[in-house]
């Protein structure tokens with residue numbers, strides 16, 4: 001029976017292999033499982049931007065972009081399967097939208113020479129391009145996020161957090177644990193006390209954590225959540241009447257699906273973000289004309305302009321710009337993954353360039369180099385308006401506290417280099 | 001007609017007691033082994049290794065392990081995921097602490113450590129049975145995963161709690177780490193699967209296995225005829241956990257390369273392996289392989305057919321895939337409650353008489 005299955009599967013795979021052509025950017029997405037509600041919007045935005053480029057400009061530099069999609073369900077084993085299934089197809093860059101899958105892929109892409117672009121997630125110390133040659137995590141990483149959140153709280157308190165209590169509610173996984181080290185260092189620097197409250201994934205059950213918050217009465221709660229955990233946490237915060245304006249989520253805890261189920265009680269909830277939201281950008285005119293109206297939008301374009309859709313689109317914008325840069329450097333339209341890596345390292349998305357694309361002030365300036373794969377790390381805050389049912393940006397882009405972050409990044413990436421036997425480049 | 005045993009005479013007890021008494025079966029077995037060892041390693045590519053064969057072999061090892069405990073010794077366990085985590089973290093600690101020692105020794109040692117842990121959590125089985133034991137092993141599942149998340153020593157104090165397998169070689173061939181070739185991965189898992197299946201088969205048909213089955217069928221009667229329940233149950237837990245631990249070590253070190261306890265070894269994994277055992281057939285080594293094949297290969301096959309062949313959207317395909325697998329599980333269990341192994345045995349019976357049934 002084993003043999004029979006194997007033959008059938010072999011036939012299916014062989015018949016399925018499409019012809020090599022175009023620029024291939026696989027979309028390892030998830031539209032099912034406890035994180036599906038979030039993953040599906042991101043994947044739509046990612047697909048739609050490339051569809052727009054194909055429809056409006058005929059691709060990038062005359063080459064069409066193909067985004068074969070593969071469902072990972074946020075599961076690392078399926079992620080590996082998807083990576084193996086797509087990598088032989090001329091894939092240039094991966095964006096798996098999962099820190100767990102990213103950790104799996106970091107060693108693999110380094111051997112297979114594929115670019116791994118993990119905007120706002122993944123391994124923070126991958127910012128150090130000397131060690132992580134193939135990984136890019138601009139515009140911001142988790143430690144940037146933690147630092148920007150604390151900076152915002154400093155601003156709110158006149159620059160002094162001494163004696164304040166801050167609780168971190170986090171997804172008990174590699175993703176949620178990432179900011180702890182930074183927050184610990186920041187708490188030592190600024191004198192606030194940090195309480196760590198892990199929530200076991202997927203995170204529907206958080207009664208005990210919020211009971212503890214009600215007892216401890218922290219001044220602020222910071223959340224590193226994803227998927228169904230976000231709405232559960234915001235609901236629990238509303239249940240214990242925790243003041244929403246003192247509750248700050250990371251950018252992955254700041255989408256419409258997280259706050260809408262809680263209704264009016266979610267009013268005032270804040271989250272970090274590194275991209276704009278809403279459809280008030282000139283690009284959306286083209287999006288409407290070339291993608292949504294002709295019916296070419298991913299899933300019919302029902303999420304256009306949402307927070308996660310915008311972030312998926314932003315990831316596609318950065319990848320498209322890197323491809324453009326790589327084509328420029330290589331002098332050929334049909335680039336390879338190593339050429340794309342050079343394109344990423346030479347990437348410079350200025351505010352002017354963003355305006356040219358039709359997304360003025362949509363994201364921070366991104367400038368990368370051989371040793372800096374993480375950009376500036378700037379992020380801003382948005383706040384939920386439950387009556388208007390929309391996010392509004394409440395701060396400008398803020399730079400993180402690199403004085404604290406840089407030594408941490410060097411330490412962590414050097415530990416990895418030692419473990420994996422990598423000698424630093426650049 | 002095609003499947004016959006006429007003229008296949010046994011002249012010694014040894015011949016009669018062998019695992020494959022029918023010549024055709026024996027040839028089939030040798031042929032499968034020959035293909036698996038001599039042909040597949042030369043044609044395998046990384047997709048086939050990483051998405052199909054390596055997970056299949058690893059889950060087959062885990063399913064054999066659980067089958068020893070649940071199928072042969074009758075002790076229901078929901079702690080398989082936790083025990084796999086023990087194997088994974090044990091091999092990680094060993095391979096980072098003693099980089100010079102061959103990885104195969106580390107994997108076997110990881111199995112041994114898991115066996116000790118398994119015996120510890122098997123102690124309640126001396127007092128409680130059935131559903132109550134299932135709950136006690138469920139506690140093991142949650143405790144172990146919590147432990148590996150909570151104590152930083154287990155993940156060498158890394159910032160994210162992830163463990164990463166560094167590169168280790170056997171005779172100069174990388175078998176863990178990113179540079180591992182597809183055939184090396186496959187061969188390591190294949191050797192472990194074949195050797196462990198052979199060990200399991202010979203344990204279960206010897207006196208140890210007979211004691212397990214006696215305990216399973218009626219523990220009081222077994223005790224009266226002289227089976228010591230303490231040694232029988234604890235040895236079942238030890239051997240089972242040894243297998244499961246090796247599966248966990250291979251899953252982490254060879255297959256995934258990086259893991260975190262709650263994601264890779266959660267309660268879902270325990271259920272997955274329990275389903276493999278139930279669908280494959282309780283108390284059957286072949287059933288463990290069949291169950292693992294059913295639950296590992298079928299989703300991959302369906303995904304390739306639905307998405308690549310029919311061009312369906314990935315989310316629709318993922319949902320349909322769950323429905324098809326679920327419906328097939330229900331179908332198989334209605335048609336043959338004793339699992340795929342029994343179905344296979346019945347097919348063989350029928351083929352022996354075909355085309356002239358009684």
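Cβ atoms are placed via backbone N, Cα and C, with glycine included.
Automated prediction, rather than curation, is the source of TrEMBL annotations.
Feature annotations, courtesy of TrEMBL:
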TRANSMEM  B:27-44  transmembrane segment
TRANSMEM  B:50-69  transmembrane segment
TRANSMEM  B:76-95  transmembrane segment
TRANSMEM  B:101-123  transmembrane segment
TRANSMEM  B:130-148  transmembrane segment
TRANSMEM  B:236-259  transmembrane segment
TRANSMEM  B:271-296  transmembrane segment
TRANSMEM  B:316-335  transmembrane segment
For the transmembrane segment (B:27-44), find every same-chain residue at least 6 residues outside the stretch whose CB is under 8 Å from a CB in it, and list them.
20, 53, 182-183, 186-187, 190, 194
Interface-richest range of B:50-69, B:101-123, B:130-148, B:316-335 toward the transmembrane segment (B:236-259), CB pairs under 8 Å:
B:101-123
Within the same chain, where does the transmembrane segment (B:101-123) have neighbours whose Cβ lies under 8 angstroms from its own Cβ atoms, ignoring anything closer than 6 residues to its ends? I mean 6 or more beyond.
75, 79, 83, 86-88, 90-91, 94-95, 136-137, 140, 144, 168-170, 175-176, 188, 192, 233-234, 236-246, 248-250, 253
For the transmembrane segment (B:76-95), find every same-chain residue at least 6 residues outside the stretch whose CB is under 8 Å from a CB in it, and list them.
62, 65-66, 69-70, 101, 103, 106-107, 109-111, 113-114, 117-118, 121, 130-131, 133-135, 137-145, 148, 154-156, 163, 165-166, 168, 176, 240-241, 244-249, 251-253, 259, 261, 264-271, 273-274
